[in-house]
Each structure stands twice: as C-alpha cells, then as structure tokens.
Amino acid sequence: MTDSTNLINQFSLYKSKKFLPFFVTQFLGALNDNLFKNALLVIIVSSAVQTADSTINFLTNFAVGLFILPFFLFSATAGQLADRFDKAFLMRRVKFFEILIMMLGTISLIYQNLTSMLCVLFLLGTQSAFFGPLKYSIIPQHLSSKELLAGNAQVGMGTFVSILLGTLIGGWIITIDSGEIILGFLMLLMALVGWISSQKIPPAPSENDKVENSFNPIREAKLNFKLASENNSVWYCILAISWFWLYGGCFLTQVPNFTVSVLHGHPRMVSILLAAFIIGIATGALLCNRLSKGVVNPALVTLGTLGLSTFAFDLSYASSVFADNNAHLNKIMPLEFLTLEGSIRLTLDLILIGIFGGLFIVPLNAMVQSRTSTSVRARVISANNIINAAFMVGGSLLGIVFLTILGWSILEFFIAIAVLNILFMAYVFSKVPEFKSSFLNWISKSAQNSKPD
C-alpha cells in the first residue's frame, strides 16, 4: 500500500506550482540542447562526400568537446552566482539568453554556416553550465525531504527523455526538405515556452548573499572542490555521479559502431538500441521512489552498480552469439532485427543496463543535495559539474586507448568498462561504508517483508 501511495505522490508533483514550471523549463532547455547538437552532428557527417573522413572525425569530436568546454570555464562562476542571488531570477535570465542563442542557431542552420553553428554550440554549452547549478540546487529548496527523491527521479527521467527525443527528432528533421527552417522554428518556440514557464517558478532566495564573485575559473574551481570535499559522503557521491557519466558515455558513443560493425545492422537500427538504453534509464529513475518508499536510500546505488556490470557482461556475450549466428546477414533493418533469435535478449540487456543506471544516479544526486548546506549547495553542484565534464572527457580517452591504441573490439571494451565499474565503485564503497551497510539492511528487510505471515 505504501509503495502505491508513493508512486502516486511522485506524479502528483506535476500538480505543484513549485515543481511543474521548473520541470517544463529544464526539460525544454535540455531538449533544445540535444536537438541542435544532434542536427549539427548529422550535418557534419553528411558532408563526408565532400570532406575527408579524418576531417569528419575531427569535427565530430571537436563539436562534442566544444559543448563540454564551457563547463570547465564557467561552472565555478555559475555556482557562485547561484548561491548569491535568487535562483528563480537567474533561471529567467538564462532562459532569455537561450532565446537569443536559438535565433543565432536558426540563422546558422538556414545558411549552413559551420563556423556559426559551432559558435552556437559553444553558447549552448555556456548556457547549460550556468543553468546546471541552478537546476539541482533549487530542487531541495522548493521540495520537502519527502519529495526530494521523487523530484530528482522526475528530473532524471526528463533529462534522458530529452536526450532521446533530441537525438531522434534533431537528426531526422535536419534531413528533410526545409528541415533547417522547421528545426529553427521548433527550437525558437521551445526556448520561448521555456522562458514563459520560467516566469512561473516561485522565488528561491539566496541564503548567502555575501558570496564574492570572481571570474578566475581555476581559483574558484579549487575553492568549490574544497567545499565539496568537506563532507566525505558528498565528495564520493560526486565521484560516483561522474563515473556514471563516463560509463554511460562509453556505451552511448559506441552504439552506432556497435550496431553496424558487431550486429551487422543498418544505421536505422541505432535508434532502436539508443531508445532501449535511454528508456531504461528513465524507467529506472522512476522506479527509485517505489523501491525506496520515497526515502533517499544509498542501497539503490549498490544495486545499480551490480546491475550495470552484470548486464554489460551479458550484453557482450549475447552480442557475440548474435553476431556469429547472423554473420551471413548485412544491414539488418529494425523490424528484421526484432524477428531474429537473440535480438530480444540484446534489447532487454540494454533496457536493464539503463534501468540499473537510473537506480544508480538518482539517489546519488539526491544525497548530494540533501547533505549539502543551502548556503554552498550551488557551488558544490558546480564542482560536481566540472568533475562530470572531466570524467566524460576521460571516457572518450578510454575509448581511444582501448579501441584505437590497444586495438580491442567493442565487445571487449564493454567488458573492460563493466570490470572498471566494479573496481571503481568498490573503491567508493570502501570510503563510504554506508552504501554497503544500507544495501545489506535493505535486502534483509525486503526478505523479511516477503515472508508469509
């Protein structure tokens, strides 16, 4: 009975004036980022006819790096501002800036000017760097402790749904006739609606308006790292969150090549596998509230760790069997793929990796928020964002080392990441024993509750 009630409460947040305008604002912003980013990547790749492959590879990686760069440059300053001023006020300013960026983005798409599009991508990364500390520090300010996990679950679900929709819609619209005009209009519309919804976000006043502003990113990043490391569990939660983005990035980046090279699939099949992975994460995020009965429970992080590695191992094995059994086929279409033996297992593996990823990431975000003082919370979250960005870059480097320098196969790379996941999280658990003890207690209580009276 309790589970059912908590599940209803999770979705009842959308009836709240404290949550709905904020959710719409952050969701549309994330969707706009992904629409433009994926449209740009499609434009770069589709220019392969006129451009050398090496140039295409460089531009693709350069574009991804250009979006991440502002997180290193501006996150520390963004955290300072978010701790010093009213967060709702700053959100409205950031969303207005997004409208201007989307105007430039629309013009750059219409004229197919690559330099302008890359500049817009950098500006979108800058906007995201300033919005991130606001986004995660306002949640515990507007929601009660009983609503905190549910709020993070909804935001997590929204983030990954926006990634999926942005990947599918942005990549598709830009390929149709007058697609750049349609996409530009859509992005402008969403930026405008996002700005309007931000006007409805209730005030979130600062509790530390004495924060000094400095635009020295290195000095301020060091200060924010110091604030984050003052609480041992918060610091290692941040490292675990960053590891999740590395892990997820390693898988998502390889899905297109995995589909074509390993599974003998047509490029259209990429969408099915990406959808399975991302829908899984969104589902896992929503399951957190039910499994932990509305309480921020570190046990789910341990459960998520086990699932992430277990089903990554199984994905590698099942993919190898599928590839051997269907070696005679080429460019398998999505519907044909689903009729082949082993395809359901592969799809379920991706969904389950996603589900356990959702169970992993949501409690970690909630733990950072709930265990950090309101007066420094945004700066701690900005430190988290910087480390996240560093780990994502690290994931790209891991891919280069394993796949290019060492010459490993994609399946061997997946196995390596699964092993590294166990080793890295074992280190985190050794530093924060609460993860292990809460998991054992949760298992014990679940076993007792399942016994017949």
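Backbone N, Cα and C atoms are what each Cβ position is placed from, and that goes for glycine too.
Annotations in TrEMBL come from automatic prediction, not curation.
Annotated by TrEMBL as transmembrane segment, the relevant range among 8-28, 113-133, 155-175 is 155-175. Most Cβ pairs within less than 8 Å of the transmembrane segment (343-366), among stretches 58-82, 155-175, 181-198, 234-256, 300-323, belong to 300-323. The transmembrane segment (155-175) makes no contact with the transmembrane segment (300-323): fewer than 3 of their CB pairs lie within 8 A, with pairs spaced 6 or more apart in sequence. Cβ atoms under 8 Å from those of the transmembrane segment (58-82) belong to residues 33, 37, 40-41, 44-45, 90, 114, 118, 121-122, 124-126, 128-134, 137, 211-215, 217, 220-221, 223-224, 378-383, 385-386, 388-390, 392-393, 396 of the same chain, restricted to positions at least 6 beyond its ends. Beyond the transmembrane segment (413-430), the same-chain residues lying 6 or more positions past its ends with a Cβ under 8 Å from any Cβ of the stretch are 236, 239-240, 243, 247, 250-251, 254, 302, 305, 308-309, 312-313, 315-316, 398-399, 402-403, 436. Remote same-chain partners of the transmembrane segment (386-407), defined as residues 6 or more beyond its termini with a Cβ less than 8 Å from a stretch Cβ, comprise 61, 64-65, 68, 71-72, 75-76, 221, 224-225, 238-239, 241-243, 245-247, 249-250, 253-254, 413, 416-417.
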